[in-house]
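Undergrad: This is the feature table in Swiss-Prot:
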type: ACT_SITE; residues: Asp107; note: active site, proton donor/acceptor
type: BINDING; residues: His103, His105; note: Zn(2+) 1 binding site
type: BINDING; residues: Asp107, His108; note: Zn(2+) 2 binding site
Amino acid sequence: MGEGGYQQINKTLNACAFDDYLATQHARLPPLPDVEQISPRVVRVLGQNAGKFTLQGTNTYIVGTGSRRLIIDTAQGYRAWADLIESTLAQRSIRLSHVFLTHWHGDHTKGVPDLIRMDPDLAEGIYKNSPDHGQRPIEDGQVFRVEGATLRAVHAPGHSHDHMCFVLEEENALFTGDNVLGHGTSAVEDLGLYMTTLRKLQAQECAVGYPAHGAVIPNLPGKITNELAQKTRREKQCLVALDRIRNDQGRLASLTVSELIDVVHGTQLDEQVRKMALEPFMDEVLRKLAEDGHVAFRVRKGVKTWFALNTVRS
């Protein structure tokens, strides 16, 4: 799937997976320092782009213990972040050797020109899966080393087609990117692929997560288990709603995405939340359920409606 993929949900960054996530955006998030040494090998620098969908801002991570270190993600291109990075590197007598981009979204990639401005040699050290012109590729299982840190790349699509996570071997920690957040849950391009990725991340058996947004995840296995359970629960809610309408109105009864949202989430919804978040996500849930053989759709007079193929078992 290309960057046009399922799209508006990720292109605008005005997206979220479902109402659990929406509630988190409005909750009081714990403050995070602009710069913090979160482990002996990792310094976190906030992207200075806090917002409804970026939480406290994009986390960028300087990794290693020597004078040459690597950085994971580059935030959104705000001058305040560039100034923080420049001062942090200078104060610690650090020079960057590699720049790793977890995925293509602008709140992770737009700081690249600032890093190259600070050190033109970095133009040869920008790494990304499905790289843009002039960038170097990252492959699943590829290993990178700097003094004090060994990173192993893990291809982790679902939130985006090119998403990479990184295992920090010395700490049994995982840089989770946008696949697992410090608070709430992530938007996805492909729900089925995303759930497969979560199980792949589980198999890495990392204890701690360093997310691209939000606080450190101290119990990463528990967080991933909860993510899988939440998404499975959403699938079940959709199936139950479609099964109920079939039982009430007959075998051919079906619902549009908007009607299904009314049944599952109620009608008192903010219109932006409905259009930018719930409708794209509900459509993705239905796509996965169709791939799994549980639902199907028909199109009549240009209107797509969905119906259950099997009775839901409790």
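Backbone N, Cα and C atoms are what each Cβ position is placed from, and that goes for glycine too.
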Undergrad: How many other Cβ atoms sit within 10 Å of the Cβ of His105 (Zn(2+) 1 binding site)?
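TA: Taking every protein chain into account, the count is 24.
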Undergrad: Of all the binding-site residues here, His103, His108, which one's CB has the most other CB atoms within 10 A?
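TA: Checking each of His103, His108, the winner is His108.
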Undergrad: If you draw a 10 Å sphere on the Cβ of Asp107 (active site, proton donor/acceptor), how many other Cβ atoms land inside?
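TA: There are 23 of them.
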